[in-house]
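So the structure is just underneath, and the comments pick up after that.
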Amino acid sequence: MAPVGVLPATGGPTKDFGGRITSSVVVTCVVAASSGLIFGYDIGISGGVTTMEPFLKKFFPSVLRQAGAAETNIYCQYDSQLLTAFTSSLYIAGLVASLVASRVTAALGRKNTMVLGGLTFLAGGNINGGAVNVAMLIIGRILLGFGVGFTNQAAPLYLSEVAPAKWRGAFNTGFQFFIGIGVVASNFLNFFLSKHPWGWRLSLGLAVVPAAIMTLGAALISDTPSSLVERGRLRDAKQSLIRIRGAGADVEGELDDLVNSVGAAKAADREPFVTILERRHRPQLVMAVAIPFFQQVTGINIIAFYAPVLFQSIGFGKDSALMSSTILGVVNLGAILVSTAVVDRYGRRFLFVAGGLQMLVCKLAVAAVLVAGTGASGTEHISKELAVAVLILLCTYGAGFGWSWGPLSWLIPSEIFPIKIRTTGQGISQAVNFATTFALSQSFLAMLCHLKYGAFLFYAGWIATMTLFVVLFLPETKGIPLDSMQGIWEQHWYWRRFVSTTVSA
């Protein structure tokens, strides 16, 4: 008998329509994955500008005064709800956009939704770059949030639908890779621009560059065959399949399969948000909620948002703090490449568990080092040696995230749903992601102030929980065509009680 939660790689009967990695599928997937640039850029830039003195002096002078007076507790220097509102307002907008985007993506297609998201982000970047008060900053952040909400909804779906099943994991990790590029690029900008009085304005305003790149790219590629069939454009869908699958592929067979799946879904004629609540879709719905929630309670985005603040709090100078956060981003970027290389060989479950254990050990170790260096109350000055140890541990933690929960949390929700509720499931997944990120980003600096090293123990507890969840409840999805995914739930020790083999979505 297989261990709990483990299934054969096939997960049930699958359909092999052939196909290979063509130049067309590589180009279109790279362009679609580049949508991650805008999310990554924002993650890195928002944390960096909040350590720039001219930015704080203009918009948050109370934080600057507090940081200068906080001689007794290193954890409380940047505890300000107004400052965290600047960071986290984007995620409320992203939450709303994700739910709206589920319908937009179904009606307009994956490609057009990415273009819409890029244009909205472009507008937000312009407003933030020219901001003269906090209200303009927040308005710009809201527009950025809508842009990220649309692109985060559409891009992972695009990648999963276009990529050949055998290499779907590798292609989908490209989205997280471009998020990583955006983070690293923004950290370098923050480092070099932090010395200039208007550096913060350039950092925020240059968000238009990645937005313009991904918007232009998205406008030039074709939509996915699944989306084209869903909107009745069968001729375009066939041409798209011919381009991306290459010679020797059973294009007619794959097209017929898509037409049959879409036809069966439309025949049901039910509201997708009602359909997804049915018992037979319980496994997918649970994953759509649990996976993005768990991704955020690893604490990775909080570390990325506030890395410069965090490193400055524990004893690095301003320049050293910005460079340390850049090093953290580069390590994470390299780890994503590892995931790309092995995700379709060893599977999703192996990477989830291995990465989870690595992150757990690092979080516990960071808490221990902080206690040793600053005392339980955080009133002692940490030595440079221990501050460097924290940096090394966080880099190791970032590597664990980079080859596991980072890319795989975009991949799993985009590949497990039947086509009728695929955009709805993705919308729910992204809404959960944004809602959790908002709550954590709004509370992290206060948590750091009040829990001190316990903030890292808080995330360690969640990492242990999510690793156990994967072991027990997540079946393997590698190599399984999207329309054959139902079999993994029918064979799973727990989820099979919810899924009827006689009913298809």
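Glycine residues also receive a Cβ, built from the backbone N, Cα and C atoms like all the rest.
Some features that TrEMBL has for this protein:
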type: DOMAIN; residues: 28-478; note: domain 'Major facilitator superfamily (MFS) profile'
type: TRANSMEM; residues: 82-101; note: transmembrane segment
type: TRANSMEM; residues: 113-132; note: transmembrane segment
type: TRANSMEM; residues: 138-159; note: transmembrane segment
type: TRANSMEM; residues: 171-192; note: transmembrane segment
type: TRANSMEM; residues: 198-221; note: transmembrane segment
type: TRANSMEM; residues: 285-309; note: transmembrane segment
type: TRANSMEM; residues: 321-343; note: transmembrane segment
type: TRANSMEM; residues: 350-374; note: transmembrane segment
type: TRANSMEM; residues: 386-406; note: transmembrane segment
type: TRANSMEM; residues: 453-474; note: transmembrane segment
Which sequence positions outside the transmembrane segment (171-192), separated from its termini by at least 6 residues, show Cβ-Cβ distances below 8 Å to it?
25, 29-30, 32-45, 48-49, 52, 155-156, 159-160, 162-163, 199, 202-203, 206, 210, 304, 308, 319, 322-323, 325-326, 329-330, 332-333, 336-337, 339-340, 343, 402, 406-408, 410-411, 414-415
Candidate ranges 82-101, 138-159, 198-221, 321-343, 453-474 - greatest C-beta contact count to the transmembrane segment (350-374) (under 8 angstroms):
453-474
PLDDT averaged over the residues of the domain 'Major facilitator superfamily (MFS) profile' (28-478):
87
Within-chain partners of the transmembrane segment (321-343) [C-beta distance under 8 Å, separation at least 6 from its ends]:
44, 47-48, 51, 169-170, 173-174, 176-177, 180-181, 183-184, 187-188, 190-191, 194, 303-304, 307-312, 351, 391, 394-396, 398-404, 406-408, 411, 478
Count the CB pairs under 8 A between the transmembrane segment (138-159) and each of 82-101, 198-221, 453-474, then give me the winner.
82-101
Grab the same-chain neighbours of the transmembrane segment (82-101) for me: Cβ-Cβ under 8 Å, and only residues 6 or more beyond its ends, written as numbers and ranges.
42, 46-47, 50, 59-60, 62-63, 113, 117, 134, 137-138, 141-150, 152-154, 305, 423, 427-428, 430-431, 433-435, 437-438, 441-446
For the transmembrane segment (453-474), distant same-chain residues with Cβ under 8 A (at least six beyond the ends):
4-5, 286-287, 290, 294, 297-299, 348-349, 352-353, 356-357, 359-360, 363-364, 366-367, 370-371, 374, 376, 378, 405, 412, 444, 447, 492, 494-495
